[in-house]
């Protein structure tokens, strides 16, 4: 009797073992999709970031439906009105822009520098929150953003593989990600229209595919021909593409589950550490050159992000 109860408690959603497994899944899927994106877009000559994003969104659409319809991982929240659907479609377009921009930047920038620029998301979130909603933060919070921006400026100057177009796309993707979070807070603010992250992904993903399909055909017209050719040349490319697409969904699912079973603060702490882990692994894997100036700039940015999060938490 006691052995059965102990085994059931070890498998319960609140057990340390279960939470540890979720965190491992969150880390591996988030870092995995980032590294696989870089591997496909740079090392394999797969120069189709829009099509790659469409593969991600297709996997998210199919797996989200499977998770809610058959596995019952999360309860289904119905769309209540046409205006709510229109708002979700707007968020989906902004979401597409952020993911495509991030994938384009990985063609030209190393993962380490991509992560340094991506860490400035809180800065853009604060800017858009002020411009769109006129929401002001305490001066301490804004002061914490100074090292965030300064660190990226230092890292840019010390980046041996700096590419202007890649940098512009990375900054644009980071800004679009921040804008989407602010926009989501406005468009889905009423209690009746709030959706959890997985239901939002369930509805955004098919809309994203409909947006990305014509964009792919228009801007990447030779994608099928080149992809088939690369698939014949690199026998593991199709497998990597499938794993990458599934990892994109698992990153969203694990993000939702870690937040549900721990807290948003835990996720924030894990997120700060994840960037550093991704940087170290990418440098070891891709052997891109780094400088002490670049490392110093990235460290300053991460410390600024931590200070910003702590200031927000204390002033709540």
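Note that Cβ sites are derived from N, Cα and C of the backbone, with glycine treated the same way.
TrEMBL does not curate its annotations; it predicts them automatically.
As annotated by TrEMBL, transmembrane segment applies to 16-36 (among others).
Feature annotation from TrEMBL assigns domain 'Sugar phosphate transporter' to 19-308. Across the domain 'Sugar phosphate transporter' (19-308), mean pLDDT in this model comes to 92.
The transmembrane segment annotation in TrEMBL covers 48-73 (among others).
Look at TrEMBL and you will find 85-106 (among others) tagged as transmembrane segment. Within the same chain, residues 34, 37-38, 41-42, 49-50, 52-53, 56-57, 79, 114, 117-118, 166-167, 169-170, 172-174, 176-177, 179-180, 183-184, 187-188, 193, 195, 200, 203-205, 207-208, 211-212 sit at least 6 positions outside the transmembrane segment (85-106) and bring their C-beta atoms closer than 8 Å to a C-beta of that stretch.
Same-chain neighbours of the transmembrane segment (112-132): 34, 102, 105-106, 141-142, 145, 148-149, 151-152, 155-156, 159, 161-162, 167, 170-171, 173-175, 177-179, 181-183, 186, 275, 278-279, 282-283, 288, 290, 294, 297-298, 301-302, 305, 308-309, counting only residues six or more beyond its ends whose CB sits under 8 Å from a CB of the stretch. If you look up TrEMBL, you'll see 112-132 (among others) marked as transmembrane segment.
Per TrEMBL, the feature transmembrane segment maps to 139-156 (among others). Through the fold, the transmembrane segment (139-156) approaches residues 113, 116-117, 119-120, 122-123, 126, 162, 167, 293-294, 296-305, 307-308, 310-312, 315 of its own chain, all at least 6 residues removed from its boundaries and within a Cβ separation under 8 Å.
What TrEMBL records for 162-179 (among others) is transmembrane segment. Distant neighbours of the transmembrane segment (162-179): 94-95, 97-102, 104-109, 113-114, 117-118, 120-125, 127-128, 156; these residues of the same chain sit at least 6 beyond its ends, with a Cβ under 8 Å from one of its Cβ atoms.
Sequence-distant neighbours of the transmembrane segment (200-218) (same chain, 6+ residues past either end, Cβ-Cβ under 8 Å): 48, 50-51, 53-54, 57-58, 60-61, 64-65, 68, 76, 79, 85, 88-89, 91-93, 95-96, 100, 184, 188, 252. The transmembrane segment annotation in TrEMBL covers 200-218 (among others).
According to TrEMBL, the transmembrane segment annotation covers 238-258 (among others). Within the chain, the transmembrane segment (238-258) has long-range Cβ neighbours (under 8 A, six or more residues past its boundaries) at 19, 22-23, 25-26, 29-30, 32-33, 36-37, 39-40, 44, 46, 52, 55-56, 58-60, 63-64, 67, 73-74, 196-198, 201, 231, 266-267, 270.
Sequence annotations record features per position, and here TrEMBL assigns transmembrane segment to 265-286 (among others).
The transmembrane segment annotation in TrEMBL covers 292-311 (among others). Remote same-chain partners of the transmembrane segment (292-311), defined as residues 6 or more beyond its termini with a Cβ less than 8 Å from a stretch Cβ, comprise 112-113, 115-116, 119-120, 122, 138, 140-141, 144-160, 265, 268, 272, 275-276, 279.
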